[in-house]
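**Q** Submitted below is the structure of interest, expressed as structure tokens.
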Amino acid sequence: MTGTTRRRFLAATAGATLGAGLFVGPATAQAGGSAVDLSKWFANTEGVSKVTDARGQSRVEVTVGAEGNGGAFAFAPAAVRIDPGTTVVWTWTGNGGTHNVVAKDGSFESEYYGASGDTFETMLDAPGVTRYACAPHEAMGMKGAVVVGDAGVTLSGPSGGEQTPEQPEETYDGWLANTGNYHELVDRRGESEVTVEVGVEGNGGPYAFAPPAMRIDPGTTVVWEWVGDESYDVVDAELGYHSDQVAGAGHRFAVEFDGDGLSTYECSEYSDEGMRGVILVGEGPTRQLSTLSYAVTGGGALVLGAPFLYGLREHVRSTR
């Protein structure tokens, strides 16, 4: 992708109501057979050195928003073994912004919660290993695994010892070279709407987007949601979209993309600290993005195509 020409338009579609549910990733649960190696899954997750044995309990609690991975972006315990038929209860601390719990095999998915004491629970009957994550913070290492029954697992990998995440080779012409919380391109294809949190811990303070790099399908709406305490904006100067620079959790800014292309965006105030992001649309910068509409709101429902409610503004560029 390095050295490619960014020939892009922006895309507009009216009437898309922005909600909370996300579908994440392919199926990954496994049962029986040889031991499941979790070292790659937890490669960028801090402090996972063992599987906590919680067998013998009918209900097991996992904390959501525990300290780890550069802020309150951890599950505790991250890896737990339970008996078949045990109910796992995830309990929110209220720290680290909004989180959710999504099984990579699609077997369960919570809503997004942010208040202390919020809970989500599910019962797991089948022996095996289920990997799960917080969708917006997966790239930061907010991952977990539930081992049901006697399924064998390893955490050290085939070479043994502690493993650390590799620095990504693709920095998009250096755009993300200084972005400390960038570890991988998160695949969000198959979703009509995705969320990027603004102002999470990273780059030396609350100066990060999470996830900082994602791939989406054409026609997907990206919603940036403010969670940090500083004043932020979202700007792609080349594509011509920009939010207001505001402070306050709950502010949201939405863009719907179409075509194929690449958007490199930033927070203008903290870009030099590494507060940057990338949206790879469709096949990437080999074709064109078409038009774009965007909407902003201080909170509550955000509806594209409703200018009388939320001051929808449309900018269209053409290189044809």
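Any Cβ shown, glycine's included, is placed from N, Cα and C.
Automatic, uncurated: that is what TrEMBL annotation is.
In case it's useful when we look at the structure, here is the feature table from TrEMBL:
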DOMAIN    64-148  domain 'Blue (type 1) copper'
BINDING   His99, Cys134, His137, Met142  Cu cation binding site
DOMAIN    197-281  domain 'Blue (type 1) copper'
TRANSMEM  292-312  transmembrane segment
**Q** Sort His99 (Cu cation binding site) into helix, strand or coil using the DSSP assignment.
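**A** Its secondary structure by DSSP: strand.
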**Q** Give me the count of other Cβ atoms within 10 A of the Cβ belonging to His99 (Cu cation binding site).
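**A** Other Cβ atoms found within 10 Å: 28.
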**Q** Would you list, in sequence order, the residues of this chain other than His99, Cys134, His137, Met142 that have their CB within 8 A of the centroid of the site's CB atoms, where the site is the one recorded for Cu cation?
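**A** Near the Cu cation site, the remaining chain residues are Val64, Gly65, Phe73, Phe75, Gly96, Asn100, Ala133, Ala135, Pro136, Glu138, Met140.
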**Q** Per DSSP, how many helix, strand and coil residues does the domain 'Blue (type 1) copper' (64-148) have?
**A** 6 helix, 45 strand, 34 coil
**Q** Around Cys134 (Cu cation binding site), which residues of its chain at least 6 apart sit with Cβ under 8 Å of its Cβ?
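**A** In sequence order, Val64, Phe73, Phe75, His99, Asn100, Val101, Val102, Met142, Lys143 meet the Cβ cut-off.
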**Q** Taking only the residues in the domain 'Blue (type 1) copper' (197-281), give me the average pLDDT of this model.
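**A** Here the mean pLDDT over the domain 'Blue (type 1) copper' (197-281) amounts to 91.
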**Q** Within the domain 'Blue (type 1) copper' (197-281), how many residues are helix, strand or coil going by DSSP?
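**A** Final tally across the stretch: 3 helix, 48 strand, 34 coil.
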**Q** Cβ distance under 8 Å to His137 (Cu cation binding site), same chain, sequence separation 6 or more: which residues?
**A** Asn69, Phe73, Gly96, His99, Glu197, Val200, Ala210, Pro211
